[in-house]
Amino acid sequence: MTTERPDAGDSGSEKPDETAAPDPAANGARRSKTRLAARSLGHGFGDGAVLEDISLAVEPGEILAVVGPSGTGKTTLFRLLAMFERPDEGTVEVGGDDVWDLPEARRLAVRRRVGMAFQTRSLFSTTVEENVSYGLRVRRSWSARVRDAVEGLFGRDEPSETVRDALRTVGMFDKVGRDAGSLSAGEAQRVAIARALAPDPDVLLLDEPTSNLDPRNTAAIESAMRAARDRGIAVALATHDMQQARRVSDRTAVILGGTCIESGPTDAVFESPDDDRVRQFVEGKLVY
């Protein structure tokens, strides 16, 4: 059973720098975002349960860290949240709708409002620009607005402003014309995150996005998470790095043994957890 902690204190002519991250204030006209929630999720493979009775939510304009040791079901949870698989039990809700109760066409439209970058960095053998543009090109089959925005994208001499913004957010605009195959692992992950951000999702799911990366790339990705949050995107981060969770997240959910046993404001979860197992885990005394 999850212990939910209440939030504490609810309360000139100069040429622009092309590599600078976009100003969140400039995005005031963006449509409002929606929340993503899981209710009593259960899922397994064969006879074994991987997840049991998981309930959590990520709100627009916040970063939720889902922490737990490797192999505890975080990736499976994120695949369910991204609607790649249907849960055996419980519901996934976007904007209050149970996505698996929606007609298929509506569910696919809702799915496209959720961006995800996996721990395994998979890019196409094209340029950085074309990789980031991919998500927009997929969307044009169902959205006239996006279709008009990206029509002829690959034939342009300059990348679209949408692609520019996404690459600025992850600090990769200077690599826009590079072949993706020439990037380092950290640079490739940053491009994958830019690709997830380009369609302006309501929700961004990041599964261990900085695993085995150097400090420079880790810092750039953490900066991108904060920028996405400042744009009103609901950001969920799966990580076993508790220090990272403390640096970037507003709230934290702790997964142990396939169950969410505590969630709440990050400082409260780490400094005064209600569950003894969480206390032992954050102190490095509990091993799964």
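A Cβ is built for glycine as well, from the same backbone N, Cα and C atoms used for every other residue.
What Swiss-Prot lists as compositional bias 'Basic and acidic residues' is 1-18. Taken from Swiss-Prot, the feature region 'Disordered' covers 1-33. Here Swiss-Prot flags 36-282 as domain 'ABC transporter', drawing on sequence analysis. Under the heading ATP binding site, Swiss-Prot lists Gly68, Pro69, Ser70, Gly71, Thr72, Gly73, Lys74, Thr75.
Sequence features, as recorded in Swiss-Prot, placed on the structure.
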residue	record	CB count, 10 Å
Gly68	ATP binding site	24
Pro69	ATP binding site	14
Ser70	ATP binding site	10
Gly71	ATP binding site	11
Thr72	ATP binding site	22
Gly73	ATP binding site	25
Lys74	ATP binding site	24
Thr75	ATP binding site	17
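The ATP site is defined by Gly68, Pro69, Ser70, Gly71, Thr72, Gly73, Lys74, Thr75, and by the 8 Å test on Cβ atoms against their centroid, the other residues of the chain that qualify are Ala238, His240, Ile255. Annotation note: Gly68 (ATP binding site) sits in a coil segment as assigned by DSSP.
According to DSSP, Thr75 (ATP binding site) is assigned to a helical segment.
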